[in-house]
Amino acid sequence: MPAKKKTTRRNTKKELQKKAATRKMIAFFVGLLLILFALARLGIVGILLYNIVRLFIGSLAIILLLLVAAIMILSVFRKQFLKENKRIIPAIILTFIGLMFVFQIRLHQGLNETFHLIWSDLTAGRVIHFVGSGLIGAIITEPAKALFSVIGVYIIAAVLWLVAIYLMIPGLFPKMREDLHQRLAKWKEKRAEKVEAKKAVKALKKLEEEKEIPEPQTILPEAENSLFTSAPVEIPINIPEAPFEENENPVLEENPVDDEPVNFMNTNNYNGNYKLPTIDLLAEVPVKNQSGERENVRKNIGILEETFKSFGIGANVESAVVGPSITKYEIKLATGTKVSRVVNLSDDLALALAAKDIRIEAPIPGKSLVGVEIPNAEVAMVGFREMWEAGKTNPSKLLEIPLGKSLDGGIRTFDLTRMPHLLVAGSTGSGKSVAVNGIITSILMKALPSQVKFLMVDPKMVELSVYNDIPHLLIPVVTNPRKASRALQKVVDQMEERYELFSRYGVRNIAGYNEKVQRYNAESDEKMLELPLIVVIVDELADLMMVASKEVEDAIIRLGQKARAAGIHMILATQRPSVDVISGLIKANVPSRIAFAVSSGTDSRTILDTNGAEKLLGRGDMLFKPIDENHPVRLQGAFLSDDDVEAVVTFIKDQSEAQYDESFDPGEVDENQVGTGASNTGSGDPLFEEARNMVIIAQKASTAQLQRALKVGFNRASDLMNELEAQGIVGPAKGTTPRKVLVSPDGEFIGGVEE
């Protein structure tokens, strides 16, 4: 009987061990299965489990789950591994704590915000937000950050990782220390060798110099009075002094004013009594309270993320920047998401946000983010006085102008001398005229009349007429389109004359010439005036192109190519940005552009070579694309009232009267003369003048010749030939022979001469 009881107890023990092992294996597989569900976020259970883990350790959940799975597998299949490597678990714990510090610092949120982020994902059954290291991370990080600052927390994390590395690889640091000592010893040896080598070289050079000293002492006295020694003595003295004394000052003295076509000697020097307008002349614009936009931003962030999710796009709103008229949301796309998918959703996003219109910047230059620009419910007006005070332009840069306020609240300025020409386009009511007035007013508030001159063209006769009679004007504001084309040609002539002047004095640009004049005035009693900068402003380019397109285009192209060094800059404005107004040659020579609100993407591409201006809101909302940037920048232009402009102009007029330069006077024009525009009375074909000049120079005319030279069809060439005959330029047709040209290259009529 005792033997049977003993056997029964042994069998019961083995069965208990088997049952325990079975329970362990079941628990192992169930736990591993749940971990896999959580890692893959499969279904409601997987997302719920993952979010529960995230509640405590945040976005480190995936790392913790993988570590737990690895430890479970090792504990079942390699039990001795953990016993043999007891330092692994403490090392893993220290590494994990360091990661918790770093992840929570990256979140930039406290305990309450972290809990709300995780709880929103947990209740919504989703995994979207980056939540740092969860509640545990927030609990341990916030006190550490308060005690040691953010940098201190990073240092603590780095120390924990170093300790973890030491625990896992005990021999690593001693080995590194030995290697460092060996390398340091080798470096010291090499340095000592180099020092010894340098000392030896210096000693050898010293010995050689001591040996060579007697030789020059015996040669120099013999050659002291020779031609060979006298030349080197004279050359160093004469080279720096002779060109300046003999060439520079006499050039300025020997060239009288009469030899220089335009030297602006008829322009008074206003530097003595003239005072610049002060900021007190401008009215203050009350600051708009945009506190309500913060609530709108929070609401829009949720709408954006939900909309992206509904279209199957993984995207998070990283940040939002509230500007004067729009708010820019910076979107982080999931890896593998095409940017074009977001761009194509612009209408759907506008519908979801109930926005007037939105603009998508994909991607934001310099960032791996996509920008979504949404209009604000409350638009904050930017005052010109506020912008001028905050812009803080350099007083020595006369053409540095504050343009508008960017999204981050900074004032964007531009230097017209670097642009060097500017094209401004926008539909009626977009803020184009206000921007042009702001540019003019900015220059008037910085520059003396002797420093900057304006030539203004205003075919509409109402935009720039307020500036008449200011001393900065070269001539009164030009309102006749035909006179405007002549005035532009006068500016081209002035540019050529300035280049001749630069060539005569050996300078490259207006800055070099004015610097020479300043040096001359400092050394001579006879004073010369510096050349002023010239700013040509055309308020409506379309009107000029309709009347005299070829002359205007030629003048703009020539000024665009060469005028920068001569100190001449253009600002061309139009409210009809079509290709017949802004031609390809004009765009190529006017590289800096400002686009206000336009009606279509075609107009936007005409101005900026890209879409976007059709999405602008108007009232000063603009896209600025300077010459040195590849992407346009969105700005809110400043509001400048008519009263402010009138106050500045009146202040200037009260100090001095305008003294116009007759050399820029376009003179009288015949309103019925034949031009090259679309509305010419002599010919309806814009190629008529080109055809006329061609046949007069060639002294022969045929329809086939016009076809080849002008690249037009037979019908158009035939019409041109008939028009030339009607104008008395060519004779009648005589079979297949070319027509006779009745005007000589000198312009004389030779119709009566028969060969």
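Every residue number used here counts from 1 along the chain in the order it is shown.
Every residue gets a Cβ built from N, Cα and C, even glycine.
Checked against Swiss-Prot, the range among 128-148, 338-358, 443-463, 527-547 recorded as transmembrane segment is 128-148. Using a 10 Å Cβ-Cβ cutoff, Val434 (ATP binding site) registers 20 neighbours. Apart from Gly429, Ser430, Gly431, Lys432, Ser433, Val434, the residues listed for ATP, the same chain places the Cβ atoms of Gly426, Thr428, Ala435, Phe596, Gly618, Arg619, Gly620 within 8 Å of the centroid of those Cβ atoms.
Sequence-distant contacts (6 or more apart, same chain, Cβ under 8 Å) of Lys432 (ATP binding site) comprise Val424, Ala425, Gly426, Ala573, Gln575, Phe596. Under the three-state DSSP scheme, Val434 (ATP binding site) falls in the helix class. Here Ser430 (ATP binding site) comes close to Gln575, Phe596, Ala597, Val598, Leu616, Gly618, Arg619, Asp621: these same-chain residues lie at least six apart in sequence, with C-beta atoms under 8 angstroms from its C-beta. Confidence in the domain 'FtsK' (408-605), given as mean pLDDT, stands at 90. Ranking the binding-site residues Gly429, Gly431 by how many Cβ atoms sit within 10 Å of each one's Cβ puts Gly431 at the top. Within its own chain, the transmembrane segment (88-108) is flanked in space by residues 57-60, 63-64, 67, 82, 114, 130-133, 136-138, 140-141, 144-145, 150, 153-154, 156-158, 160-161, 163-165, 167-168, which lie at least six positions past its ends and keep a Cβ under 8 Å from the stretch.
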